[in-house]
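Notes follow once the structure below has been shown.
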Amino acid sequence: MASVKTTESLFGITKNQNEIKKYTLSTSDGFEVALINYGATIQSIRQPDKNNQTTEITLGYDNLQGYIDDKCCFGCTIGRVTNRIKNGRFEFDGVVYDLPKTDSTTKHYLHGVFNKRVWDSSTENGDTVVFKYQSPDGEGGFPGRVNVTVKYTLTSDHRLILDFRATTTKPTPINMTNHVYFNLAGDASGSVLDHQLMVPAKNFIVLDEELIPTGEIASVENTPYDFRTLTRIGDRINESFDGFDMMFIVDGDGKRSFGKLLHEQSGRAITIESTQKGLQFYTGNFLDGVKGRNGAIYNKHGALCLETQNYSDSVNNQPVFPSIILDPDEEYHQQ
């Protein structure tokens, strides 16, 4: 059985003289995950293929400045609320909260500020990295002081466990995820259209032309969104806004299967389990020649994201969508 070890190094220093640390979790048989405490970010995942050739399979940058300038959220922790909130506004208990309008149209909120923060960091048990951040009351327009902990644990059989916890001093929306971009052929290998995807979802959330939920939930049957069996992404992509950026609803409670991603040529695959409600599937539609690590150029459809989370714009679609409001006497906990 492979064992896991952790090493620590300096990744960079911010203009405010904060040290950004890099933690590398690795198994003795060649699987490796690198994390940095800027944005509690997955900086790298390296995995052997069927011929035991190890390749980088995520998008990212070589240095800290890349992550400071990053607009794609490569590998980072997203919060307080992931995905879009219509018009950058929601109402709760009679109070209207205005949020930064940060999506590509500058009409809507998208993703939040956790990815641009320096997190406290430490290691546990030789196989876990712990990131902690205290979000001040009002940060990003949201109420309440929120304490967040994100743990990454690598097991000897190549499971990467992401554990999210949060508490708050006031009722506030919380819906976190990780925004890692995968290309199982290698980060500089081109498009992911030859990847195959399976998601055990009967339904999806209907979006308008600005990628905002309409409040409707529809069946995947006879749509481009039916991935209930392994399906080549390229066979469906032109039927869906010339790329996917949508949410599957995965029925059930507790930790359960959210599907599988396969790249047959390399022999690499990912299986996903989560305690969340949905899976955001995004095919890098807005990648436009981003310069990544080792001079790689990341273009449209050059990677994909599989982000487990609660429903997008849930705060504006009550009571149809599940609530994402965390109360002071509760703990947010998702894996």
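Each Cβ is built from the backbone N, Cα and C atoms, and glycine gets one as well.
Database features, via TrEMBL:
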BINDING   Asn83, Arg84, His179, Val180, Tyr181, Asp245  beta-D-galactose binding site
ACT_SITE  His179  active site, proton donor
ACT_SITE  Glu307  active site, proton acceptor
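Comparing local CB density within 10 A for the binding-site residues Arg84, His179, the maximum falls on Arg84. Within the same chain, residues at least six positions away from Val180 (beta-D-galactose binding site) with a Cβ under 8 Å of its Cβ are Ile42, Ile45, Thr58, Phe74, Gly75, Cys305. Put simply, of the binding-site residues Asn83, His179, Tyr181, the one whose Cα is nearest the Cα of the residue listed as 'active site, proton acceptor' is His179.
Site extent for beta-D-galactose: the farthest pair of Cα atoms among Asn83, Arg84, His179, Val180, Tyr181, Asp245 sits 18 Å apart. Of all the recorded positions listed here (Asp245, Glu307), it is Asp245 whose C-beta has the fewest other C-beta atoms within 10 angstroms.
In terms of local Cβ density within 10 Å, Asn83 ranks first among the binding-site residues Asn83, Tyr181.
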